[in-house]
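Feature annotations, reproduced from TrEMBL:
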type	residues	note
DOMAIN	20-41	domain 'PBZ-type'
REGION	78-133	region 'Disordered'
REGION	145-183	region 'Disordered'
ACT_SITE	His312	active site, nucleophile
BINDING	Lys314, Lys543	substrate binding site
ACT_SITE	His541	active site, proton donor/acceptor
SITE	Ser564	site 'Interaction with DNA'
Amino acid sequence: MADKDTNKRRTFDKVPTKICQYGTDCYRKNPNHFKELSHPHLESILTESPKGKYRIPDELSMSREVVAEQLKIIAQLYPELESNPPAKQPKKDDTPTAVRKVKAATPLKPDKMASSPPKTKSPATPSGAPSKGNAVADLFAERRARMAKQQQEQKKVEAPPPAQQPSSSSQPPKPTPQTGVSLKKVIPRNIHDYYPVVAPKGKMAAKLAAAAPYNMFFTTITDAPVTHREPLSVTFQELLDPSLGELECSVQMNFMVDIGWLLGHYFFAGYEDRPLLILYGDESPELKTVSTKKPNVTALKVHIATPFGVHHTKMGLYGYTDGSMRVVISTANLYEDDFHNRTQGLWISPRLPALAEDADTGAGESRTGFRESLITYLNSYKFAQLAAWVSRIQRTDFGEVNVFFVASIPGGHLNTAKGPLWGHPRLGYLLGKHSAPIDDACPLVAQSSSIGSLGPNPQSWVLSEIMASFRRDSAPIGLRRVPAFRMIFPSFSNVRNSHDNLLGGGCLPYMRATHEKQPWLKDHLHQWKSDCRNRTKAVPHIKTYCRWSHRGLYWFLLTSANLSKAAWGVYNKSAKFEAPLRINSYEVGVLFLPKFVIDENFFPMESKSSGDNKHPAFPMPYDVPIIPYAPEDSPFFMDYLRG
């Protein structure tokens, strides 16, 4: 269709000459994108349709709503296109050579399509709205478009799936546009045909019990079969496993949600009609309309005042029919690619029973104060739909939780009577109160899938704020050295050698322009290597922070927060009185402190060959010792995928 549209295309001097490399799969709604790149298939629709009455071809029916919005944007930018200007010759393919080679070498199968990572500045803007520019969110959107197109093609040849239970409503269902949400038409008969890795049913509770006391897992890697059988590897389907309890209702909080993929899991678990509340950051037509197709699903977009923040939290709340519940905190978006060939981390709480009706108000809190922190976080959304969950959590026994809840919420924050509540000061407060004394020779090791603008030198933010918080322990305050800073971030060679070649870097939104403004960071960068977890070739989307010595691991944080000011916060030093902490994004993580998990001063990092282990080794996601970049190494930049 692209060639046909190009031949029919009308010319206009202001229309960009460079053609968008995604062609008819382009899903963007960012006006800046249409100022930079031409879309012949859309421009031909404008020139050949009556003004305002666009004739959208059947081939684009899966994304008809999106195409209509794109047409409105182009019509506003280039109104002359609707005035029938003369034809323009087709232009040669401007796709960068390196990207063309990657695409040729790596077919875009349903489980191998490039997408971008969750860390972005803001969701794509609606038509006609001013845009701050959002390359990463746009890449996410194109991934959805390709999936939708493939699902449309597959529906033509697939046998109809088993019928669902009739709706409790007496009203006949209204016809709805095909957006990939209707499970009746998209879900195949066999779960193995829909998800590449499927674990045996009924065994997750035993797997969780065996993972104690850490309860930390990693997602399976599709192209690494050895990970499908590992005791600490999980699929999303296992979070709905019947052995964990019969699900009554649930909440999914995330940045990116592929609603068809997510509801497919609930369908196969037998929970397609159970109440599901979704809080999301990245907008899509499917999420906006899901409640019209699935009345049991409520999807709420989390709006953030600043364009530099996102709803980046990745957390699930699972309520069971016996009154108990469970909390899952992870680093993965609810999206096929994030559970494919990427290294992700998850903390899964024990099953938390309901308190007795006559229990004291303060009963059921953990030693770590997890319940109170979780409630404070949920209340920050100010969503009435969360009120029932807050009430349920207050009536739940969190006594078995042995980790701390560490989160960020957008806004300006001051210390409270209970100390700082959010961002890097919150972590520093907990370490200063509970961490065993740590030798200053032990470096801080940060590892994330994105790196923000950290400043022209280490003192700009990393040393002055991050290290000031992350270096803390319970030793008396005195003259001490600032620990060394180490950063694990995949190099170009790491990504090139990954399961998905360069396309594996689609979850690493670090831009060359940002790196060139902070050249000092190169001296602190280390390779991604995870032979211990069979995940060296699985690009890390996991985010972790920790400190260790030869004695062991002093603390470990698993979180959604990348190393950025938007995620962790930065002090407003120009304030006249107390400097407030400014945070732009929602983030959630869990802090493991040995004192609360194994009643020791540090976690063991190696299993003793004698088998006489008092405690199991902590499940580190990467190999220790870590390996610095070689002089010829450079970080992987998203620019490699964008040309």
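Positions of Cβ are set from backbone N, Cα and C atoms, glycine also.
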Quiz item: So what's the mean pLDDT when you look at the domain 'PBZ-type' (20-41)?
Solution: 74
Self-check item: Spatial neighbours of His541 (active site, proton donor/acceptor), counting only the recorded positions His312, Lys314, Ser564 and Cα distances within 10 Å
Solution: none
Exercise. Measuring Cα to Cα, tell me the gap between Lys314 (substrate binding site) and Ser564 (site 'Interaction with DNA') in whole angstrom.
Key: 17
Quiz item: Given His312 (active site, nucleophile) and Lys543 (substrate binding site), what distance in Å do their CA atoms have, once rounded to a whole number?
Solution: 12
Quiz item: Hey, how far is Ser564 (site 'Interaction with DNA') from Lys543 (substrate binding site), Cα to Cα, in Å?
Solution: 12
Exercise. With an 8 Å cut-off on Cβ-Cβ distance and a minimum sequence separation of at least 6, pull the same-chain contacts of Lys543 (substrate binding site), or say none.
Key: Thr331, Gly345, Gln447, Ser448, Ser449, Leu558, Thr559, Ser560, Ala561, Asn562, Gly589
